[in-house]
Amino acid sequence: MTPTPGEADLTNTPAPRARRSVLSRGSWSETARIAGILRKETVGGAVLLVASAVALVWANSPWAESYFALRDLKIGAEPFGLHLNLTLGTWAADGLLAVFFLVVGLELKREFVAGDLRDPARAALPMAAAVGGMVVPALIFVAVTAPVGDGATRGWAIPTATDIAFAVAVLAVISTHLPAALRTFLLTLAVVDDLLAVTVIAVFYTDEINLTALGLSIVPLALFALCVQRRIRSWWLLLPLGVATWVLVHESGVHATVAGVLLGFTVPVLRSVAAGGPEAGPGLAEHFEHRLRPLSAGVAVPVFAFFAAGVAIGGVSGLTRALSDPITLGIILGLVVGKPVGIFLTTRVLTAVTRANLDDALRWIDVFGVALLAGIGFTVSLLIGDLAYGLGSDRDDFVKVGVLTGSLVAALIAAVLLRVRNRHYRAVWLQETADTDRDGVPDVYQSQRD
């Protein structure tokens with residue numbers, strides 16, 4: 001039928017394209033993997049909190065001198081001129097945290113090769129949000145501390161980190177059923193945060209570089225890579241190569257935790273064709289991650305926190321002095337205001353620019369609640385504080401007060417926001433876990449089963 005004048009011909013008009021949803025539910029395999037990681041991190045977070053509390057109580061008790069004497073006790077030697085006669089606090093920061101960053105390297109590579117970050121469309125949002133969550137708190141810290149001078153701005157990266165173990169411990173305490181999409185977003189944010197943190201540590205907190213030691217570190221690193229590419233799992237071979245890499249990176253002047261990330265990056269994520277291909281089971285990276293994550297979350301990070309979190313507050317007057325210092329204020333404002341605002345605004349702007357919609361199961365208040373959880377910066381924040389101002393210095397003490405206070409305030413506000421929404425989260429959780437045919441895959445994931 002020919003349309004009359006003034007009438008639009010709708011027969012050939014294309015249907016409007018549906019808008020893409022952001023923070024939508026991912027695949028079942030990825031959701032299940034992330035749930036397993038967060039369960040382990042919850043236990044690690046509890047141990048982390050206990051270790052930090054013990055350190056704080058001990059450092060402010062009549063036996064405080066014994067705590068600081070233990071932290072500053074030197075153990076080691078200097079064979080072949082290598083500087084390995086370190087304090088226990090330094091061994092924890094440089095040595096044990098290398099295990100933590102090894103797991104970070106494994107996780108990063110898996111995310112980029114087989115996880116959500118392999119898809120540019122899904123990776124763009126958390127990566128941009130992580131950058132926003134780094135830039136805004138850094139700017140706030142610099143604005144607050146710049147008038148002080150005397151190198152106060154050197155700690156600009158302190159309020160930019162996220163402690164996933166601390167964050168999921170908060171979720172466990174408030175018993176919230178966070179939807180899978182938000183859990184994935186939080187973990188991916190933390191993973192990208194760790195990548196940015198390693199880059200910042202290597203670039204901005206390295207004063208002098210011993211090029212000879214750095215060049216020599218390539219030899220054991222390459223041998224380690226050769227072994228894992230050939231799927232050699234023998235720890236009697238891999239461990240000495242890993243330790244040798246760590247020693248030489250430490251000697252080079254680059255922070256030794258970078259060695260952990262580099263070692264993690266060498267481990268293959270997918271099985272080779274000769275080993276049966278991806279369908280034959282998880283790759284070596286996932287195998288190592290399962291083995292090392294309990295050591296990282298349950299031992300390495302809590303021991304570091306024990307030696308790093310102890311600060312002699314000095315009563316009410318000392319706490320007042322610390323809280324009024326620009327470094328402390330810059331960290332608190334960076335974590336509580338800068339971090340969530342940076343993540344939230346970046347997410348909101350990117351969603352608007354790409355003409356996408358937030359997933360139907362979520363509201364923007366949910367995104368802000370997760371952004372507040374990302375404001376819990378602990379492990380990496382304390383490490384950067386040590387690097388920026390020196391372990392045991394007055395400014396390092398202000399860093400500890402700022403990180404502890406800022407993380408606590410961010411956790412409390414996030415807990416209130418997320419707890420208010422918990423009834424809705426529970427309804428989403430029931431939908432995401434319903435498995436009427438009892439085949440092990442929840443019904444909502446049946447169409448994307450992989």
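FYI, residue positions are counted from 1 along the chain as it appears here.
Every residue gets a Cβ built from N, Cα and C, even glycine.
Lifted from Swiss-Prot, the feature list:
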TRANSMEM  43-63  transmembrane segment
TRANSMEM  86-106  transmembrane segment
TRANSMEM  124-144  transmembrane segment
TRANSMEM  155-175  transmembrane segment
TRANSMEM  185-205  transmembrane segment
TRANSMEM  208-228  transmembrane segment
TRANSMEM  234-254  transmembrane segment
TRANSMEM  258-278  transmembrane segment
TRANSMEM  299-319  transmembrane segment
TRANSMEM  326-346  transmembrane segment
TRANSMEM  364-384  transmembrane segment
TRANSMEM  398-418  transmembrane segment
Residues from the same chain, set at least six apart from the ends of the transmembrane segment (43-63), whose C-beta lies under 8 A from its own: 163, 165-170, 172, 294, 296-298, 301-303, 305-313, 378-379, 404
Contacting positions for the transmembrane segment (299-319) when only residues 6+ beyond its ends and CB under 8 Å are counted: 44, 47-48, 50-52, 54-56, 58-60, 64, 67-68, 71, 88-89, 92-93, 96-97, 99-100, 165, 378-379, 382-383, 386, 397, 400-401, 404
Beyond the flanks of the transmembrane segment (326-346) by 6 or more, those residues with Cβ under 8 Å of it: 128-145, 147-148, 152, 155, 158-160, 162, 189, 364, 367-368, 370-372, 374-377, 381, 395, 398-399, 401-403, 405-407, 409-410, 413
Two-stretch contact, the transmembrane segment (398-418) and the transmembrane segment (86-106), at least three Cβ pairs under 8 Å: no
Maximum Cβ pairs under 8 Å to the transmembrane segment (155-175) - stretch from the list 86-106, 124-144, 185-205, 364-384: 364-384
Outside the transmembrane segment (86-106), six or more residues from its ends: residues with CB under 8 Å to it: 70-76, 191, 194-195, 198, 242, 246, 250, 255-265, 267, 285-286, 288-289, 292-293, 295-296, 299-301, 303-304, 306-308, 379, 383, 386, 391-392
